[in-house]
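Chemist: I have a structure I would like to understand better, so I am pasting it below and will then ask my questions one at a time.
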Amino acid sequence: MKIALLAGDGIGPEIMAQARRVLDALELSDLDLAEADVGGAAYRKHGHPLPDETLAIARDADAVLFGAVGDPGCDNLERHLRPEQAILGLRSNLGLFANLRPAKMFPGLEDMSGLKPEIAREIDVLIVRELNGDVYFGEKAMRVLDDGRRQGYDFMSYAEDEVRRIAHVAFRAAQGRGGKLCSVDKANVLETSQLWREVVIETAADYPDVELSHMYVDNAAMQMVRNPGQFDVIVTGNLFGDILSDQASMCVGSIGLLASASLGERQTQYGTFGMYEPIHGSAPDIAGQGKANPMAMILSLAMLLRHSLGLEDKAAQVEAAVAKALEDGVLGGDLGGTAGTAEIGDAVVARL
Ligand SMILES: NC(=O)c1ccc[n+]([C@@H]2O[C@H](COP(=O)([O-])OP(=O)(O)OC[C@H]3O[C@@H](n4cnc5c(N)ncnc54)[C@H](O)[C@@H]3O)[C@@H](O)[C@H]2O)c1
Ligand SMILES: CC(C)[C@H](C(=O)O)[C@@H](O)C(=O)O
Ligand SMILES: [Mg+2]
């Protein structure tokens, strides 16, 4: 079993070190780990945020564990050289179109949510975010108009097959959960969303057991804080999913808790090939200080064990250890506590 470890920038290496300790503690046999540079760190060393060698190592693995990328010192580089292009390049080159972002309340953490505890308690949502299309990957540029004004533009689009394949993932996920799917779009304004909605409705014919609803994204953002318990599975496009998942994280308590899996169609002998990463970024404001919460990273490792290595028991073991640490009051600064990155790693390893 081969796992590529791409730690990246900022807090990436700090949280990756803790996930690695958890992985070591599981004592899996036949494990082959390959580290590679990515993001700003790779740009500084190799002149590109996603060197060919890194992409090859990722492609060659059964799964990729990814920390975070983003480096304020690279924000003025040409766009194709910026750290964020590494994650976008991995997602598109590896065909990882289905991004699963679960947000569920941990027992005992209700008071840490930005919401009232009785509302926060109900959160158990899976956001299924399309990851290979939308305004992220359309033509984009900055140009000067005839009258001399500068204009930036980004082309938003979805083709029907792109919508259909993510809709199938979401319907199947809903079948395995509460049987409810809410498709989030902006069909009242955007043609991209109008097609999205039509294709989701067409796809629903294959899933008569799933209750489908539709919601405009502005309302969905409001409903996510008003009554997040109403959601079971949400399916949405790349941009809306990015925003709604950060929002959902604060409903749970912290962005330092939310993991994600990015999956495509490729099957290995162990499971589905995928890339796993926290939903947060490189957190430059706390990088290098040992303050980052590594739980989202560790929970991403759990998703890797489940989806790519077929090790459901181990995945559940890691998730239970994280939940127990939280229940025992091991809280990072992001949750109002004082536990540092390594201390949280210690606490999780001790509870495995
Ligand atoms: N997948 C990724 O690699 C990814 C995701 C989001 C942002 N980014 C990049 O990261 C950089 C910083 O972006 P940003 O500040 O908008 O978002 P961010 O998620 O890095 O940080 C937002 C806030 O949350 C805090 N935070 C995030 N993760 C935390 C953790 N594990 N523990 C404790 N606190 C945590 C940060 O300290 C910060 O105050 C940018 O360059 C951005 O492009 C990368
Ligand atoms: C860093 C950025 C490109 C990325 C995204 O927008 O997808 C991040 O915000 C995320 O949520 O994974
Ligand atoms: Mg994001």
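Every residue gets a Cβ built from N, Cα and C, even glycine.
Keep in mind that TrEMBL annotations are predicted by a computer and have not been checked by a curator.
According to TrEMBL, the record shows the following:
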{"type": "BINDING", "residues": "Arg91, Arg101, Arg129, Asp218", "note": "substrate binding site"}
{"type": "BINDING", "residues": "Asp218, Asp242, Asp246", "note": "Mg(2+) binding site"}
{"type": "BINDING", "residues": "Gly281, Ser282, Ala283, Pro284, Asp285, Ile286, Ala287, Gly288, Gln289, Gly290, Lys291, Ala292, Asn293", "note": "NAD(+) binding site"}
{"type": "DOMAIN", "residues": "2-348", "note": "domain 'Isopropylmalate dehydrogenase-like'"}
{"type": "SITE", "residues": "Tyr136", "note": "site 'Important for catalysis'"}
{"type": "SITE", "residues": "Lys186", "note": "site 'Important for catalysis'"}
Chemist: Could you tell me the C-alpha distance between Arg129 (substrate binding site) and Asp285 (NAD(+) binding site) in angstrom, no decimals?
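Modeler: Given the Cα positions, Arg129 (substrate binding site) is 27 Å from Asp285 (NAD(+) binding site).
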Chemist: For a Cβ distance below 6 Å to any atom of ligand 2, name the recorded positions from Arg101, Arg129, Tyr136, Asp242, Ala287, Asn293 that qualify, or say none.
Modeler: Asp242
Chemist: Quick one: of Gln289, Asn293, which of the binding-site residues has the smallest count of other CB atoms within 10 A?
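Modeler: Comparing Cβ neighbours within 10 Å for the binding-site residues Gln289, Asn293, Gln289 has the fewest.
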Chemist: Of these binding-site residues, Asp218, Asp242, Asp246, Asp285, which scores lowest on Cβ atoms within 10 Å?
Modeler: Asp285
Chemist: Could you tally the C-beta atoms, other than its own, that fall within 10 angstroms of the C-beta of Lys291 (NAD(+) binding site)?
Modeler: 19
Chemist: Across all the protein chains here, work out how many other Cβ atoms are within 10 Å of the Cβ of Gly281 (NAD(+) binding site).
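Modeler: Result for Gly281 (NAD(+) binding site): 21 other Cβ atoms within 10 Å.
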Chemist: Counting across all protein chains present, how many other Cβ atoms fall within 10 Å of the Cβ of Ala283 (NAD(+) binding site)?
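Modeler: Ala283 (NAD(+) binding site) is surrounded by 23 other Cβ atoms within 10 Å.
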Chemist: May I ask you to report the DSSP-based helix, strand or coil state of Asn293 (NAD(+) binding site)?
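Modeler: The three-state answer is coil.
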Chemist: Taking the center of the Cβ atoms of Asp218, Asp242, Asp246 at the recorded Mg(2+) site, which other residues in this chain have a Cβ no more than 8 Å from that point?
Modeler: Val217, Ala221, Leu239, Phe240, Gly241, Ile243, Leu244, Ser245, Gln247
Chemist: Here the recorded positions are Arg129, Lys186; which one has the lowest number of other Cβ atoms no more than 10 Å from its Cβ?
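Modeler: Looking at the recorded positions Arg129, Lys186, the Cβ with the fewest others within 10 Å is that of Lys186.
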Chemist: Return the count of C-beta atoms lying within 10 angstroms of the C-beta of Arg101 (substrate binding site), excluding that atom itself.
Modeler: 23
Chemist: As a check: which entries in Asp242, Ala283, Asn293, the binding-site residues, place their Cβ less than 6 Å from an atom of ligand 3?
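Modeler: Result: Asp242.
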Chemist: To the nearest whole angstrom, state the Cα distance for the pair Lys291 (NAD(+) binding site) and Asp246 (Mg(2+) binding site).
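Modeler: Their Cα atoms are separated by 20 Å.
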Chemist: Near ligand 1, meaning Cβ under 6 Å from any of its atoms: which of the binding-site residues Arg91, Arg129, Gly281, Asp285, Ala287 fit that description?
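Modeler: Close enough to ligand 1 are Gly281, Asp285.
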